[in-house]
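*Asks:* Provided herewith is a single structure, encoded as structure tokens, for subsequent inquiry.
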Amino acid sequence: MYGIDNYPKNYHASGIGLVNLAALGYSKNEVSGGNEGGGAPKPKAGLYPSLPYPSSESVGGMPYVVKQTSHAQNASYAGPTMGMGMPVPEAPSAPAPYPSATPYPGSGLYPSLPSANVSSLPYPTAPMAPYPTGMPYPTGMPQPNLPYPAAPLAPYPSAMPGLPGMPMPYAPMPTSPAPQHNIGFPALPYPTAPPPESAPTQEEEPSVGVAELSFTSVKVPENQNMFWMGRKATSARQNSVSKGDFQSLRDSCLANGTMFEDPDFPATNASLMYSRRPDRYYEWLRPGDIADDPQFFVEGYSRFDVQQGELGDCWLLAAAANLTQDSTLFFRVIPPDQDFQENYAGIFHFKFWQYGKWVEVVIDDRLPTYNGELIYMHSTEKNEFWSALLEKAYAKLHGSYEALKGGTTCEAMEDFTGGVTEWYDIKEAPPNLFSIMMKAAERGSMMGCSLEPDPHVLEAETPQGLIRGHAYSITKVCLMDISTPNRQGKLPMIRMRNPWGNDAEWSGPWSDSSPEWRFIPEHTKEEIGLNFDRDGEFWMSFQDFLNHFDRVEICNLSPDSLTEDQQHSSRRKWEMSMFEGEWTSGVTAGGCRNFLETFWHNPQYIISLEDPDDEDDDGKCTAIVALMQKNRRSKRNVGIDCLTIGFAIYHLTDRDMQVKPQGLNFFKYRASVARSPHFINTREVCARFKLPPGHYLIVPSTFDPNEEGEFIIRVFSETRNNMEENDDEVGFGETDDRIAPSLPPPTPKEEDDPQRIALRRLFDSVAGSDEEVDWQELKRILDHSMRDVMVGSDGFSKDAVRSMVAMLDKDRSGRLGFEEFEALLTDIAKWRAVFKLYDTRRTGSIDGFHLRGALNSAGYHLNNRLLNALAHRYGSREGQIPFDDFLMCAIKVRTFIEMFRERDTDNSDTAFFNLDDWLERTIYS
């Protein structure tokens with residue numbers, strides 16, 4: 001198969017295929033929509049049937065996976081084409097055989113977390129559904145042979161189809177043409193002679209036509225997940241008092257003798273839920289109306305202050321319980337400068353990490369109650385309110401309490417710390433998992449765990465007292481001294497807590513009052529604070545933990561998590577790099593590698609790993625890559641859920657480093673050296689890799705093209721790393737040679753030249769006696785002469801023609817003289833030729849994915865941020881840009897670059913304007 005690197009799409013990577021997670025994160029007494037008074041409804045049996053993984057037994061029999069999505073997909077094949085409707089070149093006469101494929105682990109959300117070696121990168125392992133059409137599949141699949149592709153190359157043909165004069169590395173082909181699979185995204189035709197997107201790499205690293213196994217995506221039910229840097233509001237509603245206003249607001253209330261009432265999160269039903277009206281009346285009360293002698297803290301704080309109410313946010317409570325284990329982190333999130341005695345004005349504030357920065361959230365202290373009792377998170381002490389107010393602040397951050405229904409512990413742990421969370425499927429865990437957890441505990445990492453839910457029973461209880469589909473916090477990991485008649489030594493042990501805070505505890509060995517405790521010395525019991533209260537906390541041996549739990553989450557603390565003192569301490573710390581980005585439909589939302597023709601349009605980032613890990617002998621670097629989408633949970637009230645996201649990693653040679661960004665040809669002939677194990681619709685996708693020192697390209701994407709969203713991408717390493725965006729530099733470039741035949745010859749300067757006489761006659765016919773052309777006169781000329789490219793249009797808009805005049809009107813008279821008129825027509829002829837080169841379907845519009853190439857051909861280079869801005873400004877909902885809007889793009893780009901260059905006299909990329917000057921120039925343009 002030629003040039004296709006498909007990424008499979010699954011719907012929940014739990015290690016056992018696809019399972020029903022509808023029960024995850026609900027409280028025991030929760031009332032869910034449509035089932036009033038009866039608790040959360042039970043999901044239908046088989047709602048999320050198991051989906052096996054690809055087979056490692058016979059790659060030749062590797063079948064195709066039909067992507068299951070909410071919209072219809074065409075799973076047919078369409079003849080000998082190679083993806084997106086591009087023709088498949090003739091196969092070489094003696095194709096090289098495909099090497100065998102490596103297996104993909106059949107379970108685990110992040111199977112590569114145990115420091116997968118890139119030389120043995122995992123690929124899919126269990127049988128999948130057969131090809132829907134019965135089409136034969138090539139008898140072998142190419143293996144990237146990581147870290148460097150090594151499949152033999154056929155001789156270079158003189159040129160590739162559609163790329164005249166551009167010699168390309170040609171990959172071995174199967175003797176039968178590879179079928180095209182239509183995956184629901186329309187073919188995007190390129191110009192008849194498209195510009196080379198990137199030069200082929202011809203160094204010591206072979207280039208091969210890669211046909212990797214498909215990536216899958218993981219679909220988590222909507223009620224469980226959902227969620228650039230600080231430039232937009234962090235919740236669905238605009239918060240006027242959310243950031244930095246606490247002190248001034250409190251002082252104002254104290255001066256006026258009033259109690260604070262938050263206008264952004266009012267005490268109404270809208271702050272409780274968005275999907276329906278409450279089934280009963282809830283009264284919002286201040287702590288003084290709920291309990292006598294209200295306190296922020298009662299005898300300090302502890303994990304036992306976190307008790308779950310009716311809201312299905314056990315994931316949040318598990319993280320809050322973990323937060324109490326570290327006083328530094330705790331008081332960063334919950335500032336201690338507030339209580340119900342001194343300077344009390346009914347106002348409190350909390351701080352959460354949001355996409356690279358710490359955000360202060362200010363709330364009033366009115367809490368929802370029923371019959372005078374708190375209905376959501378609360379403390380065991382009736383007059384203690386820090387936990388209830390913390391939950392309210394987090395609900396405000398995301399728009400409502402209902403927005404907190406369902407989630408993963410790692411999401412809240414990251415918002416409390418700024419760290420990055422790794423997931424381990426315990427059934428596929430590395431043999432050193434306990435050591436990993438011990439080291440994580442020593443670094444102050446937060447940890448949680450859970451059991452897979454029962455697909456038929458909501459929050460089913462196991463015979464040992466554990467709750468399925470429920471989040472537990474891990475509060476201690478240790479080696480415990482044990483002395484029995486048969487054994488003396490240390491036993492790996494784990495302490496966990498159920499946020500329900502009741503008697504729903506583990507009842508097996510080492511449970512409360514278990515006889516095993518008699519073998520533990522008394523001093524050890526005192527050291528670990530052993531008690532047997534019915535408080536939801538219990539101990540387990542590590543072996544029982546492996547046998548009964550399914551997933552563990554470890555939140556590694558980042559530099560964002562640490563105070564200045566901690567950053568200068570001797571404790572080992574991660575090195576971190578972070579960038580923000582955006583997927584814009586038709587421009588930078590290219591979809592995954594399954595969509596080869598658009599994949600290269602995604603944002604690209606280069607990470608340079610310089611030194612191997614200090615304590616390892618393998619000469620490799622640990623890298624944790626975390627891709628997080630932004631502001632999705634807060635938009636659940638308007639039907640916006642998490643996108644299905646993932647990433648791929650490619651090795652770069654020194655020559656590759658000169659190309660910015662990498663184009664279609666790079667990805668057509670290169671295999672990824674690492675990638676996210678799945679595309680999944682959770683807020684963050686994270687994986688750990690072991691890579692040789694070098695340069696790597698990371699391409700984050702959504703699974704399907706044209707899905708819009710914002711994201712941040714972070715890379716953590718044990719040694720220093722350098723990260724940069726692999727993007728074009730803004731400025732002028734060379735005009736595409738291919739448009740030269742379409743351009744009129746330069747107008748001779750001799751006054752008696754026939755061409756100049758004709759142009760002068762045209763100008764005089766519209767200019768009149770004043771010898772100048774205004775925008776109305778220019779519009780009449782252009783509307784008549786540009787009919788062939790203004791398909792279905794009534795002509796140029798007033799704004800477009802005025803901008804053309806302003807571009808060349810140096811004296812700002814609103815009119816053009818003959819020389820300016822002549823220069824404008826020359827520019828328009830160039831832009832028209834470029835547009836026709838890319839409007840291959842002759843529809844009068846170009847696809848947004850071609851905007852970068854079209855502007856490059858016109859001599860203008862822009863980065864992704866500017867392309868996104870142009871697409872938002874001039875693109876249609878379908879991602880199309882008509883001719884007059886393309887001209888506006890070119891005019892704006894040229895005008896503002898020239899305006900900047902005029903003031904940047906020393907080429908320092910810095911220009912100075914006073915306000916009057918800047919407004920005059922921008923308003924007139």
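Note that Cβ sites are derived from N, Cα and C of the backbone, with glycine treated the same way.
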*Asks:* Looking at 229-248, 729-748, which one is region 'Linker' according to Swiss-Prot?
*Replies:* 729-748
*Asks:* Which of these binding-site residues has the least crowded Cβ, counting other Cβ atoms within 10 Å: Glu820, Asp839?
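*Replies:* Counting other Cβ atoms within 10 Å of each of the binding-site residues Glu820, Asp839, the minimum falls on Glu820.
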*Asks:* Measuring Cα to Cα, how far is His470 (active site) from Ser813 (Ca(2+) 1 binding site) in Å?
*Replies:* 71
*Asks:* Where does Glu820 (Ca(2+) 1 binding site) sit in DSSP terms: helix, strand, or coil?
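*Replies:* For Glu820 (Ca(2+) 1 binding site) - judged by DSSP and reduced to three states - the answer is helix.
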*Asks:* By CA-CA distance, flag whichever of Asp839, Thr843, Ser845, His850 among the binding-site residues is nearest to Arg815 (Ca(2+) 1 binding site).
*Replies:* Ser845
*Asks:* I need the neighbours of the Ca(2+) 2 site defined by Asp839, Thr843, Ser845, His850. Which other residues of that chain put their C-beta within 8 angstroms of the C-beta centroid, in sequence order?
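*Replies:* Going along the sequence, the neighbours appear as Phe835, Tyr838, Thr840, Arg841, Gly844, Ile846, Asp847, Gln880, Ile881, Pro882.
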*Asks:* Can you check which residue among the binding-site residues Asp809, Asp811 has the largest number of Cβ atoms within 10 Å of its own?
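*Replies:* Of Asp809, Asp811, the one with the most crowded Cβ is Asp809.
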*Asks:* For Cys314 (active site) and Asn498 (active site), what Cα-Cα distance in Å is obtained after rounding to a whole number?
*Replies:* 9
*Asks:* Please list, in sequence order, every residue of the chain apart from Asp809, Asp811, Ser813, Arg815, Glu820 whose Cβ lies within 8 Å of the Cβ centroid of the Ca(2+) 1 site.
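*Replies:* The answer, listed by sequence position, is Glu772, Val805, Leu808, Lys810, Arg812, Gly814, Leu816, Gly817.
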*Asks:* Sort the recorded positions Asn498, Asp839, Thr843, Ser845, His850 by C-alpha distance from Ser813 (Ca(2+) 1 binding site) and give me just the closest.
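*Replies:* Closest recorded candidate to Ser813 (Ca(2+) 1 binding site) by Cα: Ser845.
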*Asks:* Return the average pLDDT for the domain 'EF-hand 2' (826-861) as a whole number.
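*Replies:* Mean pLDDT for the domain 'EF-hand 2' (826-861): 92.
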*Asks:* If I restrict to non-local contacts, at least six residues apart, and a C-beta distance under 8 angstroms, what lies near Ser845 (Ca(2+) 2 binding site) in its own chain?
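*Replies:* Residues satisfying the criterion: Val791, Asp839, Ser876, Gln880, Ile881, Pro882, Phe883.
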